[in-house]
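Visitor: Residues or ranges marked as transmembrane segment in TrEMBL: A:12-29, A:41-63, A:84-106, A:118-135, A:147-167, A:187-207, A:219-241, A:272-293, A:309-325, A:337-357.
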Amino acid sequence: MFSNNNRISTRQVFRLFVFDFVGESTLILPSQLAAFAGNDGLASIVLGGIMGSLYLWYLAYVLKKMETDLVTYMERILPAWMKKIFLVLLLVYFTGMAGYGAYIFSDVIQKGLIAGEPFPLILILVLLTAGYAVCGGIESRARVYEILFVVLFVLLAVMLLIAAGDLEMEYLYGFFQADTGSVMKGSLAVFFCLMPLFLLAFFPSYVQKAKWGKLVHAVHAAMWFAIGVLAVLYVILLGSFGSRSLTTMKYPAITLMSSIHLRGSFLKRLDAFMIAIWFFTLFALVTVFLFYAQELVQKLRKKDTHKKWYLCGVMAAVFGVAEMLHQSSHGEWFRDYLLYIGIPLFLFLPLFVLLWGKGKKRHEG
Amino acid sequence: MKGKIKKYVALVLSVQQLLCGCSATELEDRCFPMMAVVDEKDGQIFFGYGFPKLSQKDNTDLEEARVNIAPVTGKTMESCVQTYDSGLEKLADCNHMKVLVFGENLMEDTGRYADVLSYLKQTGLFPRNIYVCVAEDPLALFETEEDLPQDLGSYLEQYLQNQESAGSGKLFKLGRLLDEKENHILQIMLPYLETEDHIIFWKTMYRVPDDRFLYKQEK
């Protein structure tokens, strides 16, 4: 029997966050890093990880001072109008991130499995499945990922090991050639892909208070696990394709899986199965942002009774974002949104709310 | 009432799921080339597939499936593929392909060879993990097929792998060949296949010519 108290263990937190980090970063980042810094993209990955650690330390400090999750603290401290504005901004951010994840997920399915099928149909099916998973609550999702974790990552390790046997060492020569600015650009791209770290601000209500320290450690460990996976994958991608060729690929990790020549009949079709790891990780990313977007709508409306309708509304908005990204092939508008609104929001909002709270207490005191 | 709505929604979704496969080509409407040959003949591209003895794969024979058509020639690789595909009764599904054989004439025409690679990179027509080799006369390879225990593509794949294990040289996959169009780092050496008395040999490596190298190198 499983308990159903809307609480998850730190091990489940670790595995949930690994899934959230790994999907988008391993699919999108390698070609960007190769374009920015070539072989020195490896240094960008490590620097991006260090930035992530600093951000996590800052967020943990702020949340410790708040003694609760960000939204509850906002409700307690901020004036109603300001709270509403921030909740709407957060809702837009979560909807945008869910839309971006859904767009990549559907695009991978369309390009990798069922080319020629209409994109909106794939997107609708993805969102319906994600909506169903969100209805199951955070515990059921955590259990699913807890079980899938070992199976998928052991198989990924096997595939990477096989791919490592076919590396062209000449592609790996030539480190320390990119300039500092290019390496820094790459590290910022890595840091932006670690955005799910911000979700820590919403987690205190889903874990026991006594386990707060362990929760932060679990998220930190999950982040470095994902950074490790990304670094290993990046070296293998560099050694397999070369940095110049890597820049021309959209989803090089998936190309790698289809390029591995598996000998023997038992492992022959493992390459097709391995695409599943990105299906599950992207699915996790979509569901986690859908889940919090729905929670935010609920906070805005202050009613528990229409939870499923709120979810439907959020799913419709996510569909709109994903479809817009599909229509605009480069998605510059989304990049601009993240750069000027999304990222400043997750960087400065927690600190602003904390300082406002302190100022209010001092004023009252 | 609510239960009825749920049932209708579930029904509509199930039907929608089933419709997803409507535009796909069924398995029995596909044929599976195991190898492809590309060469240059009289200033034109010469292209053809090698098919398995279909009885091994889906209990039909070559005549019935009408895949046993002769290689075609054309000005570009694209027109050749289109002409060849239009002659096939079924859709050519290259996902099971094992080997791509380039003719020596094509390799020595660097411009045309580059065009063929550009086309393959752009279209993703063949899988990236197939082996690439060179033959003086690719058509001569097909003449050995009658004496082989399996189709030529599968035989060549196993033969190349065995020879590589025995130290004859390093195999090159199509993916890496296409990547080298961007990287320009490696010196590409491909297995050079010859035939003698209906037997295939890999004795030498073929150094892929660029502007500077236009010769065959003995091991």
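Each Cβ is built from the backbone N, Cα and C atoms, and glycine gets one as well.
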Visitor: What stretch in A:12-29, A:41-63, A:84-106, A:147-167, A:309-325 has the biggest tally of Cβ pairs under 8 Å against the transmembrane segment (A:219-241)?
Guide: A:12-29
Visitor: With contact taken as 3 or more Cβ pairs under 8 angstroms (pairs 6 or more apart in sequence), are the transmembrane segment (A:12-29) and the transmembrane segment (A:272-293) in contact?
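Guide: Output yes: the transmembrane segment (A:12-29) sits against the transmembrane segment (A:272-293).
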Visitor: Please work out whether the transmembrane segment (A:84-106) lies in contact with the transmembrane segment (A:147-167), by counting C-beta pairs under 8 angstroms that are 6 or more apart in sequence and asking whether there are at least 3.
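Guide: When sequence-distant Cβ pairs are counted, the transmembrane segment (A:147-167) does not touch the transmembrane segment (A:84-106), since fewer than 3 lie under 8 Å.
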Visitor: Given the transmembrane segment (A:41-63), which of the listed stretches A:118-135, A:187-207, A:272-293, A:309-325, A:337-357 has the most Cβ pairs that are under 8 Å apart from it?
Guide: A:187-207
Visitor: Mark yes when the transmembrane segment (A:337-357) and the transmembrane segment (A:187-207) have three or more Cβ pairs under 8 Å (sequence separation 6 or more) and no when they do not.
Guide: yes
